[in-house]
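Undergrad: One structure, pasted below without further comment.
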């Protein structure tokens, strides 16, 4: 089966995007892994699928698959690429759309300056709903690792995140601790591990070890979770400039019970055709 695809990225977090609005695409975990393979496939951090809406209240359905073949709830950088894709492909003439995800409805908007703003929804802070095994709802909680005990803040942006503050992201043990935190038993659905360096109250540097993908150049939901964690701990004031290895995002959050708004770029790299294995 031959399908058309578009390669896109948001701050170096790269995606293969497939239009399934007219013809369904059968994406097994093996097929996703084959497409995402950087040596034998197209190569990407995540595969994004555009599907018809499931109700009249939304414009599209948005599905996200990690490079390991697993389907996940949310991807912030992907959401920006999603709205750029459907607009550029003529699938909608709306500059702001409502999109159904496994985590709920999001509302990305294409701005006149070419950047994309996404209402990422209200962050979930209740441990049971993240999910995070804890009998406390404290903002900062200890997490025991094999060689360290780290202080983390658990946040869900539709997908789970564990954010810790580090002195310097360049020297932080992202690979070692990230892999251990991702599969920590206190996170039964696994977790994205964020390493945040606070430069000042309006600026952070961030690295994220993503669940099912490893460290990426940028993580949109990770940036949102880091800013929520930093504001909750009294370290940051909205809006916050988030510096990643792939570029910068702006994250705004007014506090508990309000949505997080993420703004950043979305870039088309190339288009092609592939044969599904």
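Glycine is no exception: its Cβ is also placed from the backbone N, Cα and C atoms.
Taken from Swiss-Prot, the feature active site, proton donor covers 75, and the record attributes it to sequence analysis. The annotation active site, proton acceptor is assigned in Swiss-Prot to 219. Per Swiss-Prot, the feature substrate binding site maps to 13, 46, 66, 76, 77, 159, 192, 210, 211, 220, 221; the stated evidence is sequence analysis.
Provide an account of the burial state, proximal residues and distances for the features listed.
TA: A 10 Å cutoff on Cβ-Cβ distances gives residue 75 (active site, proton donor) a total of 31 other Cβ atoms nearby, all chains included.
Every protein chain considered, the tally of other Cβ atoms within 10 Å of the Cβ of residue 219 (active site, proton acceptor) stands at 34. Annotation note: residue 219 (active site, proton acceptor) sits in a coil segment as assigned by DSSP.
Cβ neighbour count for residue 13 (substrate binding site): 29 (other Cβ atoms within 10 Å of its Cβ, all protein chains included).
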Undergrad: Identify, in sequence order, the residues in the chain of residue 221 (substrate binding site) that are 6 or more apart from it along the sequence and have a CB within less than 8 Å of its CB; answer 'none' if there are none.
TA: 74, 75, 76, 120, 157, 158, 159, 161, 192
Undergrad: Please report the DSSP secondary structure of residue 77 (substrate binding site), reduced to three states.
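TA: The residue in question, residue 77 (substrate binding site), is helix (DSSP, three-state).
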Undergrad: Let me make sure I understand the span of the substrate site: among 13, 46, 66, 76, 77, 159, 192, 210, 211, 220, 221, what is the greatest distance between any two Cα atoms, in Å?
TA: 17
Undergrad: Measuring Cα to Cα, tell me the gap between residue 66 (substrate binding site) and residue 219 (active site, proton acceptor) in whole angstrom.
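TA: That separation, Cα to Cα, works out to 13 Å.
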Undergrad: Give the helix, strand or coil assignment DSSP yields for residue 13 (substrate binding site).
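TA: DSSP assigns residue 13 (substrate binding site) to strand.
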